[in-house]
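Enquirer: For reference, TrEMBL lists these features for the protein:
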| type | residues | note |
| --- | --- | --- |
| DOMAIN | 1-119 | domain 'Thioredoxin' |
| REGION | 234-260 | region 'Disordered' |
| COMPBIAS | 245-258 | compositional bias 'Basic and acidic residues' |
| BINDING | LYS454, PHE501, ARG529, THR535, ARG549, ASN559 | ATP binding site |
| ACT_SITE | HIS562 | active site, pros-phosphohistidine intermediate |
Amino acid sequence: MAGKKREIQLQAVINNQSLWDEMLQNKGLTVIDVYQAWCGPCKAMQTLFRKLKTELNEDEILHFVVAEANSIATLQPFRDNCEPIFLFSVNGKIVTKIEGANAPLVNQKIINLINEERKIAAGEMVRPQYHEITFVDSDTEDAGEAFNENVDQLYSIAIIKPEAVITGKTIKIKEKIISAGFVIQAEDKRVLTENQVRDFYSQIADEPDFEDFVTLMTTGISYILVVSQDNKQEPPCEETVSNPENKEPKETSEDQHEMATPTVMRKKWDSLQEYLERQNISQFCDVEENTTNVNKFIDIFFPDFKSISKLEKTLALLRPDLFQEKKEDVFNIIQDEGFKILMQREIVLSEEEAKTLCKEYENEDYFGNLIENMTSGPSLALVLLRENGLQHWKELIGPSTVEEAKERLLESLCIQFATKSFPINQLYGSDSLEAAEMEIQYFFPPQNTLALIKPHATHEQREEIFSIIKEAGFDITQMKEILLTKEQADKIYFKITNKDFYKDVLEILSEGPSVVMILTKWNAVSEWRRLMGPTDPEEAKLLSPDSIRAKFGITVLKNCVHGSSNIQEAMETINRIFEEFVPENSEEH
Ligand SMILES: Nc1ncnc2c1ncn2[C@@H]1O[C@H](COP(=O)(O)OP(=O)(O)OP(=O)(O)O)[C@@H](O)[C@H]1O
């Protein structure tokens with residue numbers, strides 16, 4: 001069989017360089033599943049490929065192949081890669097790659113590229129100038145950067161139209177988007193210019209009432225969202241629809257209530273457009289998913305977006321001696337180098353943790369002393385953020401041992417902060433983006449809290465609170481707008497239902513819909529309480545003038561927001577209000 005191209009079910013097997021070169025002659029899109037001989041092609045994705053093959057029905061321009069990394073010279077950089085890799089070749093050029101069996105991402109990429117091919121074939125679009133990607137060996141020093149190139153996040157642009165904004169549907173639409181596992185990466189509200197409308201809606205420019213449509217779109221505020229698939233969250237496989245009969249959206253309050261129920265889930269691999277259509281809300285929100293157009297509109301609406309999305313997080317650690325003696329010096333350097341400290345935490349490492357962190361030195365004479373030193377007092381763990389942050393921190397701190405730094409990097413922080421008794425770099429930085437993610441999860445495990453924006457908060461105040469939440473680094477993991485009946489309110493305020501003032505709390509809550517959210521980040525419960533400020537807005541104004549209650553609270557009852565008091569209460573209320581929610585964090589299972 002070696003050297004022969006063989007059709008197995010839907011994927012051709014490429015197992016030598018000449019078959020690879022031959023494959024590059026394919027017209028249209030070829031999806032290449034790069035596999036390792038020892039583990040075989042990715043079985044989990046076969047179902048997706050089969051589905052797409054049938055649904056798209058494009059035998060001439062859609063091909064699937066499996067290629068064995070070790071036997072093809074071009075694929076050498078991927079040898080021994082543990083994760084599956086999917087390459088996308090268009091007319092013989094590898095235009096992009098996705099690491100990991102991320103079905104929604106792969107699905108969307110294929111649909112986008114095939115849609116482009118169809119448009120090109122129909123003369124509706126000129127073939128873009130593809131930038132062919134280069135493969136970098138994951139063992140090389142550039143691994144961090146290479147990984148960054150590989151993270152092929154797929155974005156969509158969604159425009160919530162003025163008629164939806166003015167009739168108060170914005171939050172409900174955003175709530176649906178978030179509940180389905182999409183992530184709103186950026187948003188802006190503005191009155192679109194005529195040119196922007198014409199550009200975004202160029203495909204319907206020939207329709208007879210287009211000019212009226214342009215007028216409508218330019219006479220009120222629209223919301224523009226950049227939405228991505230949440231890579232971490234697999235949407236549920238099966239669709240559960242709370243009320244399948246209700247196909248026609250209505251403008252009534254009943255409709256609003258229907259839209260607020262979060263029980264309609266995204267089908268596996270739905271695109272944002274498909275999802276909104278199935279939710280009967282696509283008439284309020286238009287979506288652009290074509291990669292080329294999305295990039296263009298991101299540049300127009302969010303010119304800083306790309307530089308922001310290049311920001312990298314890394315874990316940094318100041319070992320005990322350095323933390324005690326020179327913390328300020330290190331902080332000054334961190335600031336001067338343009339890093340933002342996202343989180344920081346003092347931690348006394350257990351022996352086991354120190355041994356895991358210092359595993360690379362376990363055969364050295366000094367290993368015992370090293371572990372003793374590492375466990376002797378608090379270390380400081382930091383999460384740093386900066387463009388190219390991971391690599392930059394590694395370069396700053398230098399090699400992991402003083403001996404090595406003396407040989408080749410005298411200007412490194414390793415030398416600057418070296419002590420006679422300690423042969424190891426007093427500073428640590430993650431080795432790769434994957435390692436950084438795991439280490440950050442370890443040192444800063446995410447926690448969930450339940451947050452509420454009370455009905456009296458105005459639309460503008462709500463928006464400002466969302467900005468404060470984002471700015472503070474929370475993820476809004478779930479969100480719904482609901483009228484809190486007594487039954488619902490009891491689930492949140494179960495600890496105060498016997499208080500005299502509880503009837504007043506219920507009255508305040510009955511004045512209109514509240515926004516209920518699950519906020520997620522390290523230390524979420526106390527962080528959210530800190531952002532809220534003291535219960536009484538008057539006290540908040542004195543003690544915490546920047547807090548939400550100081551800014552927007554009116555009275556103790558109308559204090560704008562609520563948050564769980566402790567982790568236990570957060571877990572209980574989240575379970576009661578978001579019954580379908582399964583926390584990712586083991587601490588909360
Ligand atoms: N003495 C009071 N009189 C009137 N309303 C009160 C009083 N104490 C609390 N409340 C209202 O009840 C809500 C819940 O009370 P709780 O004792 O749980 O307050 P909290 O933990 O300080 O704040 P929250 O739980 O809202 O974050 C408060 O946010 C406030 O609106």
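Keep in mind that glycine also has a Cβ here, set from the backbone N, Cα and C atoms.
Have a look at these and tell me how they're positioned relative to everything else.
Expert: Counting every protein chain shown, the Cβ of ARG529 (ATP binding site) has 20 other Cβ atoms within 10 Å.
HIS562 (active site, pros-phosphohistidine intermediate) is surrounded by 22 other CB atoms, counting those within 10 A of its CB over all protein chains shown.
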Enquirer: Under 6 Å from ligand 1 by C-beta, which of these recorded positions make it: ARG529, ARG549, HIS562? Sequence order, please.
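Expert: Among the recorded positions listed, those whose Cβ sits under 6 Å from ligand 1 are HIS562.
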Enquirer: Within the domain 'Thioredoxin' (1-119), count helix residues (DSSP H, G, I), strand residues (E, B) and coil residues, in that order.
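Expert: Reading the DSSP string over the domain 'Thioredoxin' (1-119) gives 47 helix, 34 strand, 38 coil.
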Enquirer: Can you tell me the mean pLDDT for the domain 'Thioredoxin' (1-119)?
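Expert: The average pLDDT of the model in the domain 'Thioredoxin' (1-119) works out to 82.
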Enquirer: Any idea what DSSP makes of HIS562 (active site, pros-phosphohistidine intermediate), helix, strand or coil?
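Expert: Its secondary structure by DSSP: strand.
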Enquirer: Under 8 Å Cβ to Cβ from PHE501 (ATP binding site), same chain, six or more residues apart: give me those in sequence order, or none if nothing qualifies.
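Expert: Residues satisfying the criterion: LEU557.
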Enquirer: Rank the binding-site residues THR535, ASN559 by the number of other Cβ atoms within 10 Å of each Cβ and report the first-ranked residue.
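Expert: Result of the Cβ crowding comparison: ASN559.
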